[in-house]
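Undergrad: I have a structure I would like to understand better, so I am pasting it below and will then ask my questions one at a time.
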Amino acid sequence: MTRTPLVAGNWKMNGRLDMVGALGASLSGLRNSRAEVAVCPPFPYLAPLVRALGDSGVQIGAQNVSRHQDGAFTGEVSAEMLADLGCRYVIVGHSERRALYGEDDELVGEKFLRAQQGGLIPILCVGETLREREAGETEQVVVRQVSSVLDVAGIGAFDQAVVAYEPVWAIGTGETATPEQAQEVHARLRAALAAEDASVASRIRLLYGGSVKSDNAALLFAQPDIDGGLIGGASLSADEFSAICLAAE
Ligand SMILES: O=C[C@H](O)COP(=O)(O)O
């Protein structure tokens, strides 16, 4: 099964308007890339980025979405609004939202469903903490995180979804999982999905995230079950992010 690689940049709560222009100019050079490229800026920069990227083919994603649709939910942003702006993707279940904002498996499942109902493709993040890895619980944790969404959404929903494996200990630390460590978890995740539907499992893109840089991306992306990356810090530099995108081709 040939899967089109996806490289998604997650700016987190970084960036200013001037980055939108710089990135727009730099990424237009990826117009004919074999990999799909997406950028997930903070909410205020979504619309300007949509305009800056124009017909470059670079996709836009949001970093969060409400579990609600419309109504009296002050401060929330719905999937429909994001789709309306031109977003294709939305990150759900990022470990920072799980750890800092109390998002549990149940809420992540709700957001995953809501994203799809509103016309977006969720990028579902899973990953173990250092304590869980050292306790030998990595596979158990990531399979639980995926299974909790499978329980509410069903395997069919994963045909319009992406899963990102992001070991918490590798996020923003400069300590990347080795290609072998990442591949092992990705293979386990694909096997868990294959137990439900082999064909969906063979099609779904599994991204790796956690201190991916231009100098380690190619080896990670060369692993058979790694179909691209979710890039944090390195996505803030247009040159660095472009180099990572090229490594996914
Ligand atoms: O969403 C992106 C990840 O949290 C990875 O962040 P990082 O590349 O800065 O380690």
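In case you wondered, yes, glycine gets a Cβ from its N, Cα and C as well.
Automatic prediction, not curation, is the source of TrEMBL annotations.
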Undergrad: ASN10, TRP11, LYS12, GLY172, GLY232, GLY233 show up in TrEMBL as binding substrate; which entry in SER33, SER148, SER211, SER214 does that record put in the same site?
TA: SER211
Undergrad: Ranking the binding-site residues GLY172, GLY232, GLY233 by other Cβ atoms within 10 Å, which is at the bottom?
TA: GLY172
Undergrad: So which recorded positions are near GLU166 (active site, proton acceptor), with CA atoms within 10 Å, out of ASN10, TRP11, LYS12, HIS94, GLY232, GLY233?
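TA: Those close enough are HIS94.
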Undergrad: What's the most sparsely packed of the recorded positions LYS12, HIS94, counting other C-beta atoms within 10 A?
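TA: Output over recorded positions LYS12, HIS94: least Cβ neighbours within 10 Å is LYS12.
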Undergrad: Measuring Cβ to any atom of ligand 1 with a strict under-6 Å cutoff, which of the recorded positions LYS12, GLU166, GLY172 qualify?
TA: GLU166, GLY172
Undergrad: What is the set of residues, excluding ASN10, TRP11, LYS12, GLY172, SER211, GLY232, GLY233, whose C-beta falls within 8 angstroms of the centroid of the C-beta atoms at the substrate site?
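TA: Everything else in range on the chain: ASN14, ILE171, ILE231, ALA234, SER235, LEU236.
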Undergrad: 10 Å Cβ neighbour count around GLU166 (active site, proton acceptor)?
TA: 28
